[in-house]
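**Student:** Starting off with a structure, shown below.
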Ligand SMILES: NC(=O)c1ccc[n+]([C@@H]2O[C@H](COP(=O)([O-])OP(=O)(O)OC[C@H]3O[C@@H](n4cnc5c(N)ncnc54)[C@H](O)[C@@H]3O)[C@@H](O)[C@H]2O)c1
Ligand SMILES: O=P(O)(O)OC[C@@H](O)[C@@H](O)[C@H](O)[C@H](O)CO
């Protein structure tokens, strides 16, 4: 039987990618540092996915097991796997890279064949980033082997999967919508047959379309909602004041995406409509603190907030609402989130202006910089 390793037995790992792989006939080994989750997977060997949408249903996922990602068994698992996927968070890829490299070396020694690795993270070029990290841990022979036998394919991954309270810690609650688009030319040893995996040779367009529309709108909904004292995404997007920033922000990034990648403007407007409907889903409880998590990552220069501003700038297009969204992110003050605490600490210690320039790359007194400073002041009136 084919074997898949899914690094990260969290929401998207169990709620989407692991499930697709299991349904495609793979035995799925979830690799995680969460011992309780791993023990439970090995004991129950199955879990349930609750589709929480207008039409509800329950899907049972079988043929799964668990393995500690920081133990020793994982090396043998990698040596004999057909596909490796990850959903651990972009900042964690560097921690799993040495393990993947050891597994590739073991595979080489054992004379193993082709393997594909796909990092399913909200980040442009996540797999290429993982590949760079893995290469630093490989011997020269390991690098040559990987070059011949290991495909590192980027992807775009889309399904809203917030934390869920089920009968077992393994159960997940998901929206019905899902989209996984994988960069076909990078795959090695033929294309794996996985229902629900779409293939493209133009991945950057699809990753940016998703990250700069859904995740842009999601993050701005979370940050403005948080400022207004709202708890969930659906509450926030139903608030007219929040929607009045989020919708035009998605339209601004949309105009830039249409210019950049040649998407059909009418189709893109429908894509935005669908995303807004997904945010309004009343059957899932998605807290603004999950969607707003790690604000420094989200403010990164290729990420969902600054990324579309740069793209709009490239085509000399409007970006005022995106800039308001950036200002809202700088207001995100949640002591339970280490990156929020770091951001607020920096603003206190260094002053707001220097932090804006440093984090966003907007030059002091540039148009975008000045608009963020003004919006930051204006948004103070929303604070609950
Ligand atoms: N949840 C969603 O709606 C969603 C949708 C699309 C993409 N994503 C992306 O998927 C990734 C994971 O998000 P999530 O919501 O599933 O997060 P999550 O916190 O639910 O899951 C992350 C998992 O990674 C595990 N982990 C942490 N360090 C690890 C390590 N060193 N080795 C192995 N496992 C480790 C954690 O224990 C956890 O189980 C992120 O990049 C996120 O942007 C999430
Ligand atoms: O996972 P993050 O922190 O990059 O972003 C939070 C949410 O926007 C994200 O998880 C979405 O739910 C997901 O990208 C939907 O496909």
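Keep in mind that glycine also has a Cβ here, set from the backbone N, Cα and C atoms.
Sequence annotations record features per position, and here TrEMBL assigns domain 'Mannitol dehydrogenase N-terminal' to 3-196. Here TrEMBL flags 4, 5, 6, 7, 8, 9, 10, 11, 12, 13, 14, 15 as NAD(+) binding site. Taken from TrEMBL, the feature domain 'Mannitol dehydrogenase C-terminal' applies to 202-344.
Quick one: where do these features end up spatially?
**Tutor:** Counting every protein chain shown, the Cβ of residue 8 (NAD(+) binding site) has 26 other Cβ atoms within 10 Å.
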**Student:** So which binding-site residues out of 4, 10, 12 are up against ligand 2, CB under 6 A?
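**Tutor:** Checked binding-site residues vs ligand 2; nothing flagged, none.
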**Student:** Where does residue 12 (NAD(+) binding site) sit in DSSP terms: helix, strand, or coil?
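**Tutor:** Assignment for residue 12 (NAD(+) binding site) reads helix.
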**Student:** Select, from 4, 6, 8, 14, each of the binding-site residues with a Cβ positioned under 6 A from at least one atom of ligand 1; if none does, say none.
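**Tutor:** Cβ under 6 Å from ligand 1: 8.
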**Student:** Which number gives the other C-beta atoms within 10 angstroms of the C-beta of residue 12 (NAD(+) binding site), all protein chains shown included?
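**Tutor:** That number is 27.
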**Student:** Give me the count of other Cβ atoms within 10 A of the Cβ belonging to residue 14 (NAD(+) binding site).
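**Tutor:** Neighbour count, Cβ to Cβ under the 10 Å cut-off: 31.
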**Student:** Output, ordered by sequence, the same-chain residues six or more apart from residue 10 (NAD(+) binding site) with a CB under 8 Å from its CB, or 'none'.
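**Tutor:** Same-chain residues close to residue 10 (NAD(+) binding site) (Cβ under 8 Å, separated by 6 or more) are 32, 87, 88.
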**Student:** Would you find the one among the binding-site residues 4, 6 whose Cβ has the most company, meaning other Cβ atoms within 10 Å?
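**Tutor:** For the binding-site residues 4, 6, the Cβ with the most other Cβ atoms within 10 Å is 6.
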